[in-house]
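Enquirer: Dumping what TrEMBL says about this protein:
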type	residues	note
SIGNAL	1-26	signal peptide
TRANSMEM	233-256	transmembrane segment
TRANSMEM	298-326	transmembrane segment
TRANSMEM	332-357	transmembrane segment
TRANSMEM	364-386	transmembrane segment
TRANSMEM	398-421	transmembrane segment
TRANSMEM	459-478	transmembrane segment
TRANSMEM	490-511	transmembrane segment
TRANSMEM	523-548	transmembrane segment
TRANSMEM	560-588	transmembrane segment
Amino acid sequence: MEKSTLCLVSTVVILCCFSCINYVASDASDHRYKEGDSVPFYANKAGPFHNPSETYKYFDLPFCRPANVEEKKEDLGEVLNGDRLVGSPYKLDFLINKKPESICKKILTRKEVDQFRRAVLKDYFYQMYYDDLPIWGFLGRFETKEKDDDDDDSNEATIYLFRHVHFEILYNNDRIIDVFVRNEPNAVVDLTEDREVNVDFTYSVKWTETDIPFEKRLEKYSQTSSLSHHLEVHWFSIINSCVTVLLLTGFLAMIFMRVLKNDFVKFTPDEEALDDQEESGWKYIHGDVFRYPRFKALFAAALGIGSQLFTLVIFIFMLALVGVFYPYNRGALFTALVVIYALTSGVAGYSAASFYYKIEGKNWVKILVLTGSLFSGPLFLTFSFLNTVAVAYNSTAALPIGTIMVIFLIWTLVTSPLLVLGGIAGKNSQSEFLAPCPTNKYPREIPQLPWYRTTLTQMAMAGFLPFSAIYIELYYIFSSIWGHQIYTIYSILFIVFIILLIVTAFVNVALTYFQLAAEDHEWWWRSFLCGGSTGLFIYSYCMFFYHARSDMYGFMQTSFFFGYMACICYGFFLMLGTVGFRASLIFVRHIYRSIKCE
């Protein structure tokens with residue numbers, strides 16, 4: 001009763017947050033304007049095109065700066081996303097065309113020239129938002145001369161800074177539909193030499209009417225991932241995963257047939273059947289198979305966090321499938337992750353405490369401390385290091401002290417109390433473990449096992465199959481998170497996730513059966529480790545993606561990529577480990593209910 005009540009309350013609260021997230025992400029304006037009206041136009045950030053995490057404030061570069069820089073108030077998700085919106089130096093009023101007009105004339109000092117020069121050589125881009133529509137542009141271009149054997153300096157680049165920006169804006173009646181930015185290739189300033197430069201920064205605006213409805217103005221951002229050749233790859237990924245599931249299903253069917261055959265042996269007294277019965281070693285360890293694992297508190301805490309992360313992923317998918325995470329809904333995903341993680345901490349507390357007391361644990365304070373720190377502890381340490389790196393680089397990826405305090409208050413006022421309440425509910429649930437067979441007083445000796453039955457070997461086998469079912473989809477996910485591609489096919493991603501869970505469960509059931517057949521009764525930790533080993537394969541793919549599929553470089557981007565991906569893969573390890581153990585537990589209970597335990 002308490003468990004169902006806790007789940008109901010958590011579901012209601014999270015569903016309420018769905019509407020809150022959607023509301024925060026929407027603009028208070030109805031996006032309707034009259035001719036001459038001022039349209040919200042913000043400059044956001046700039047940084048190397050190939051390093052998505054290494055972004056800086058727009059005015060950290062010596063652009064034309066207005067007299068009073070207006071800073072937009074941002075919500076939690078936008079700050080976590082590295083957005084730092086400020087008033088744009090451009091003035092683009094509704095339906096007002098402009099011929100080339102000067103923003104400012106300035107003399108770039110040698111230091112400012114060096115700043116722009118370094119930015120152009122690193123392919124810096126800038127991002128702005130006009131009526132909540134994203135705009136991107138590059139700072140300049142450079143031309144590299146071919147190397148001449150007679151001239152050692154002939155391979156130096158000629159660096160040009162764009163000084164004119166042309167905006168073309170599409171509108172439908174009183175609403176803005178799209179905006180494009182184009183740099184004039186001939187309106188450039190040569191920054192190759194280390195000297196002061198006079199620059200006249202200019203811009204122009206052209207308005208064009210279109211019949212595209214306002215409701216479809218964001219569709220172009222999601223069309224990339226919906227192109228036919230991309231869809232073919234996605235469906236190939238699903239077919240590949242389904243074939244893996246079918247093979248595993250057939251494999252498990254054979255195992256269950258063997259189990260049923262052994263069950264029939266009980267009713268067959270002939271000697272041939274008895275000889276066949278002796279081949280099934282799993283029956284003879286029935287007095288040890290339900291012996292509780294070592295480090296019970298750590299095991300229960302891992303199951304609790306795994307259950308919480310599984311619940312978190314399910315709710316994130318629910319949000320994605322109802323359309324909350326539409327393209328460039330700034331910070332919605334990060335807001336959802338923080339809020340739902342905080343609200344689902346009660347699931348972790350309940351799952352860990354109830355299981356801990358089922359396996360005769362006593363210290364409920366210890367289990368709650370372990371549960372609260374097992375995932376958030378490494379995450380906090382990683383964040384502290386990476387935030388320090390971002391501060392040293394003066395990047396927008398560094399969280400302000402105010403945002404850190406907000407997250408700390410959420411952890412103090414929401415996460416911790418719900419964790420404790422869930423733990424108390426789990427402690428008082430008084431549910432039993434329901435072992436089909438009694439446990440012997442002394443553990444049975446485990447026979448010496450061949451190398452292919454060791455834990456590391458089985459982890460490699462258990463992680464490879466689920467990883468092979470999802471690796472094609474991983475490229476698109478990584479390209480979206482650590483690149484500039486947009487991922488919007490959440491239905492396909494959800495199908496792949498379900499297949500991942502099925503394959504993980506099936507593989508763990510098969511490996512657990514073979515382990516028990518070899519009279520190895522210490523299956524608890526191994527089933528968890530084998531289930532979570534897919535996370536290790538995903539992290540190995542991170543290394544491949546970084547070196548072979550991306551152009552990321554530099555200490556900050558490298559530390560951010562491997563640091564945060566380590567946390568994500570660790571979360572997958574805990575979640576899939578929980579799935580693997582739960583599936584194995586159901587299987588083990590089923591087969592031992594079919595025999596007579598004495």
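Placed from the backbone N, Cα and C atoms, the Cβ positions cover glycine too.
Predicted automatically and left uncurated, TrEMBL annotations should be read as such.
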Enquirer: Top stretch among 298-326, 364-386, 490-511 for CB pairs under 8 A with the transmembrane segment (398-421)?
Expert: 364-386
Enquirer: State the non-local partners of the transmembrane segment (490-511) in its own chain: residues 6+ outside its ends, Cβ under 8 Å from one of its Cβ atoms.
Expert: 234-235, 237-238, 241-242, 244-245, 248-249, 251-252, 255, 313, 317, 320-321, 325, 458, 461-462, 465-466, 469-470, 473, 477, 526-527, 530-531, 534, 576, 579-584, 587
Enquirer: Need a quick answer: max count of Cβ pairs under 8 Å to the transmembrane segment (459-478), which of 233-256, 298-326, 560-588 is it?
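Expert: Of the candidates 233-256, 298-326, 560-588, 233-256 scores highest.
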Enquirer: Verify whether three or more Cβ pairs under 8 angstroms connect the transmembrane segment (233-256) with the transmembrane segment (560-588), leaving out any pair fewer than 6 apart in sequence.
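Expert: Since fewer than 3 Cβ pairs under 8 Å link them, the transmembrane segment (560-588) and the transmembrane segment (233-256) do not come into contact.
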Enquirer: Taking pairs 6 or more apart in sequence, does the count of Cβ pairs under 8 Å between the transmembrane segment (364-386) and the transmembrane segment (298-326) hit 3 or more?
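Expert: Touching, yes - the transmembrane segment (364-386) and the transmembrane segment (298-326) meet the threshold of 3 or more Cβ pairs under 8 Å.
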Enquirer: Determine which residues of the chain contact the transmembrane segment (233-256) at the Cβ level, with the cut-off under 8 Å and only residues 6 or more beyond its ends counted.
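Expert: Distant Cβ neighbours of the transmembrane segment (233-256) are 465, 468-470, 472-473, 476, 489, 492, 495-496, 499-500, 502-503, 506-507, 509-510, 513.
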